[in-house]
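Here is what Swiss-Prot records for this protein:
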type: BINDING; residues: Cys98, His101, Cys169; note: Zn(2+) binding site
Amino acid sequence: MTSPSLNGSNSLVDAIRPETEAVSQAEMEAAVRTLLLGVGEDPEREGLLKTPKRVAEAYRFLTSGYSQSLDDLVNGAIFDEGHNEMVLVRDITAFSLCEHHMLPFMGKVHVAYIPNQKVVGLSKLARIVEMYSRRLQVQERLTRQIAESVQEILDPQGVAVVMEATHMCMVMRGVQKPGSWTVTSAMVGVFQEDQRTREEFLSLIRHQPAAFA
């Protein structure tokens, strides 16, 4: 299990931001056109005429997490409830792009924390997952960034994050192994230090919730 680094220059919360100037839509479209030529296609044929525009717009959306910040996302939705038992949001669907091949990986994220009196709006946990997923990623870093973010905004007694995902770079190319899943975890505070707390979390994410009537 992985413990993220939580302070100083090692912080991952705001890491991996593009430092180059914004590339224009036209430049992105030209790059897609070059890619089409590179794979032996004709960008002028009817079915591909709008492909450069569509691909550029799709990648802007799929990487829109670069333009978001944790402060703006949370927007003050932190409440002093005096609660000190585990809060778990499980089965958060996540889609991201592998930074090595820019192919999708997708799966579920489970996020838990034990408050230190303060709680955050539940939807914010899902939005944190979404923000970091919409960047070029590796699953290990994505898992750590989610844990770091919850730790940063709440300073809770502990944070636990588990992600289960399937990677298209292992399915569509390379070893070509459909059905393979990668599981990563980040445990902070009591989840790392106390075995019973960690086991409670792992038991809860394995348990199937009751069906919604």
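The count begins at 1 with the first shown residue.
Note that Cβ sites are derived from N, Cα and C of the backbone, with glycine treated the same way.
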What other residues of this chain sit with their CB within 8 A of the center of the CB atoms of Cys98, His101, Cys169, the recorded Zn(2+) site?
Leu97, Glu99, His100, Met102, Leu103, Phe105, His167, Met168, Met170, Arg173
Students should find that the Cβ of Cys169 (Zn(2+) binding site) has, within 10 Å, a number of other Cβ atoms equal to 16
